[in-house]
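These notes concern the structure reproduced below.
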Amino acid sequence: MTKRAADVSVSPPRRRRSTYTLAPLVLIAANVVLFALFFVWPAVIGLVYSFTNYTGVGAFQFVGMDNYHNLFGDSAFYDALTRTLLYTVLFVPLNFALSLLIANVLVSKHAKGASVARVVFFIPWLLSPIVVGVLWRWLFGENFGLVNYVVEKFGGSAVPWQSNADLSLVVVVVAASWAWTGFSMLLFIAAIKNVPVSYYEAASLDGAGPWRQFISITLPSIAPTSFIVILLNTINAMKEYPLFVSLNNGGPGTSNNLLVQYIYQTGFQRGQIGYASAASFVLMLILMAVAIIQLVVNRRVENR
Amino acid sequence: MTTTDMPRKADAGPGRSVSKKRPRGASSGGLRRAVPATTLLWILACLYGLPVLWFILSSFKPAGDLFSYPLTLVPHHPTLSGYLTAWRSANFSQYFINTTLVCVITTILTVGASCCTGYALAKYDNKWLKAFFICILATTMLPGEVMLAPEFLVVRNLGLYNSFAGIILPAVLTATGCFMFRQFFLTVPDELVEAARIDGARELSIFLRIMVPLSRPIMLTLAILSFQWRWNDYIWPLLMLNDPNKFTVQIGIQSIVGAQNINWSVLLGASVISMIPLIVIFLVFQRYVMGADINAGLKD
């Protein structure tokens, strides 16, 4: 890109060349070191430890595939895995639909006050998952929460938001969608604004209504962004932990312990580092599969 | 990944956005269309804004009023007692200072490292640079949570356990930051670099004296994002820190939630205090976040 034969003749080629190796090397040095220290090294020892019975201190033995065998016989791991997948399957579409709807309303020139509303939608994204959890715990308290108060006001009976495992998962799904809307929405707004206006004008002349225009023009045009939103949200959902901790602490009981919480508990509370590393690698394989599927599909869509 | 110039194009001229959609509506029946769209927008905005509003208003209620029926939106006897107790008790002011320190240092290092890397990726053409770019890509696929245990062991082996450095250093390399700077520097014409080279400038001084000042808006955007990620971090500081005097705000809040009997008055106060810095930064620098060229590489 920058090196051309013509430029090289301006000054002695050897000196120039060495500068070009040295300068970028100096520039990326910090990140290369950090990458090696905090990415490559943990990844390698994690893989090694996943075949051992290491407890974090002292000696350890190689146990072959035992950890992986045990993992798939461990009902707590299975529950965490299925609960994580269920959470992801519920959260990703809900977040997608909400943020796309809001992005569309925000770019519509008919909606008044869009710039103020955009800030309102964005603020939840600024809050930490811990605070989001506290906030929704406060809203959905069984005996004191605003939601049950409203439900009772309208003649219903208090809903067990915290003591029913499925309902408490639903509360987390809603809370997470609420918190992540601002970010997905921002990506969608940028994508929708880039759809050429002439498409809509032509469709409008052909008599296509707003819904038809959305289905036939907007959705296909923003497909690459849609995939990015789905990918990022899937990764975020698979590694969710703080939101659960502060909203219901994975409860009631242990029914909503997700994968990261399972890894945290086995690795750090029970000191089974080897076993936790094996669980981490299962999570890693899932994420890699998600990313690869997404990349393949995305490429196919872009090449169409 | 080629979206750098997209938001710019979109608001390139006011004339463009006027004729955005459904041109017929502009001249006739503007109100007829405005009413449903505006209504829908504000119903949604209320749904999103109400939880925060309810939360903040509740935090001004005296502890005794928090659970008194009927619930009221606006506190009858507004008080700051929840805030004061939160601030004084449980070292919360210390947590606040710790978090600010960690966030500021991490942010400065992140912006610096990302700027350098992004520039190198955009303006030099080496095979190993491309290889490193793929390595950075890989970090987006593997969030830190996946390598919790081994990463903990590495940081412990480096002697960084229970130190701020143990929180700061692993967080400095972010793919998002590198992407943002790379995308920006790709839009800076190569001729600028060439001209400086012909004038005899050395590579690093071209970077420091021409490129760094040019990239100020990106720096600000990444700084805001980075500050937010670190401020909201929970699991890594929780693992790293053992000494209660070094705890961060999020750990402090979570420890109130984890208590046998939740002291809601203190919890609400502490939570609202923890939101303030981010909301202030966001409101001041809104346009840098809202117009940011954030795309595929986003991750904390």
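From the backbone N, Cα and C atoms, a Cβ is placed for every residue, glycine too.
The compositional bias 'Basic and acidic residues' feature in TrEMBL is assigned to B:1-11.
According to TrEMBL, the domain 'ABC transmembrane type-1' annotation covers B:96-285.
The feature region 'Disordered' is assigned by TrEMBL to B:1-31.
Feature annotation from TrEMBL assigns transmembrane segment to B:34-57 (among others). Nonlocal intrachain contacts for the transmembrane segment (B:34-57), taken as residues 6+ away from its ends with a CB within less than 8 angstroms of a stretch CB, comprise 73-75, 268, 271-272.
Taken from TrEMBL, the feature transmembrane segment covers B:95-121 (among others).
What TrEMBL lists as transmembrane segment is B:128-148 (among others).
What TrEMBL lists as transmembrane segment is B:160-185 (among others).
Residues or ranges marked as transmembrane segment in TrEMBL: B:206-229 (among others). Distant neighbours of the transmembrane segment (B:206-229): 103-104, 106-107, 110-111, 114-116, 119, 123, 171, 174, 176-177, 180-181, 184-185, 188, 192-193, 196-197, 278, 281-282, 285, 288-289, 292-294, 300; these residues of the same chain sit at least 6 beyond its ends, with a Cβ under 8 Å from one of its Cβ atoms.
Outside the transmembrane segment (B:264-285) by six or more residues, the chain places 55-56, 58-59, 61-63, 66-67, 81-87, 89-90, 92, 96, 100, 220, 224, 227-228, 231-232, 249-250, 252-253, 256-257 with a CB less than 8 A from a CB of the stretch. The transmembrane segment annotation in TrEMBL covers B:264-285 (among others).
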